[in-house]
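Below: one structure, written as structure tokens.
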Ligand code: MRU
């Protein structure tokens, strides 16, 4: 356990997470050893952000088998699969979730011959490894990405990609933090990120805690901001990157990429390689989560549209690779042609595993 507050952590024999739906008004820490509470927290965005969701699934799956006492391997397999299925059904787009589930499954089946108590230890060790690796990956993303940030840069970001969304530190925000720690004077414009306001509620909160100059805008102001010459680069995170570089991220990211191209502004994606889906060729294969209408017809519980109005609420969109200047990962900065260069990363990663 670390002394530093993390959005999700392992404390004693429980998971502790920040209920991100209550920020910035309330810092509510929830401790639980019930895997169903963890799964529900992912569904309700109490735990959110692709890497944090993956970490939560690792801990949650361990919790799901922790109290299992039946030594019968067949019963154990059924129980384990059920727990994995509960997590797989929480949110469909962020591939980190499925990546973490697969890692837990691999450890489970490779160690099924062990005594139950030993098998449980292996599962906890894997969940902790997923968390620790994510923290290291974010650090590396920050170091690589900070090379793209000139001194006095004005940066625009979308949604929340900081320590709340990851094991610690962040991806796109990790780059911003690193550049700031290197002494670069930077200014960050933050899209509010409707409908759930991750930018207004979470990103501004994180950036201001670090003393970084933060300017909140509503999502529809970005093009004008660019026209005024106030944006040197855009940096966003990713929920799933296809092998050709097409990138799913929070709804509104695609708009930003289009207007950035129109204004000749570099558009960077930052993510760990755990957010790359090496099994899909293009963004057309990425499942896009649709959420309930209440998130559109209400703002923070306050109704803003007439009763009965029809809505459409995709949580993510896919930015085509042609609009992306570079993808920053823990293994380095990847430039176009993404098809070719992501294949190289795939080969490297598969050789390492
Ligand atoms: O719906 P959310 O809040 O989970 O969406 C989060 C995003 O889209 C982030 O940009 C992405 O997960 C990267 S977080 C490092």
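Note that Cβ sites are derived from N, Cα and C of the backbone, with glycine treated the same way.
These come from TrEMBL:
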ACT_SITE  239  active site, proton donor
BINDING   48, 49, 50, 91, 198, 249, 250  substrate binding site
SITE      159  site 'Transition state stabilizer'
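Shown here: features listed in TrEMBL, placed on the structure.
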{"residue": "48", "record": "substrate binding site", "Cβ contacts under 8 Å, 6 or more apart": "20, 42, 160, 164, 165, 198"}
{"residue": "49", "record": "substrate binding site", "Cβ contacts under 8 Å, 6 or more apart": "7, 160, 161, 164, 165, 166, 237"}
{"residue": "50", "record": "substrate binding site", "Cβ contacts under 8 Å, 6 or more apart": "94, 95, 96, 97, 165, 237, 238, 239, 240, 271, 275"}
{"residue": "91", "record": "substrate binding site", "Cβ contacts under 8 Å, 6 or more apart": "42, 43, 53, 97, 289"}
{"residue": "159", "record": "site 'Transition state stabilizer'", "Cβ contacts under 8 Å, 6 or more apart": "191, 193, 198, 199, 203, 236, 237, 249, 250, 252, 253"}
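Looking at 198, 249, the binding-site residues in this record, the fewest other C-beta atoms within 10 angstroms of the C-beta turn up around 198. In this structure, the recorded positions that sit close to ligand 1, with a C-beta under 6 angstroms from any of its atoms, are 159, 250, chosen from 91, 159, 250. The Cβ of residue 250 (substrate binding site) has 26 neighbouring Cβ atoms from other residues within 10 Å, across all protein chains displayed. Take the CB of the residue listed as 'active site, proton donor' and look out to 10 A: across all protein chains shown you find 30 other CB atoms. In sequence order, 53, 94, 159, 160, 165, 237, 239, 315, 316 are the same-chain residues whose CB sits within 8 A of the CB centroid of 48, 49, 50, 91, 198, 249, 250, the residues recorded for substrate being left out. Binding residues for substrate (48, 49, 50, 91, 198, 249, 250) extend across at most 17 Å, taking the greatest CA-CA distance.
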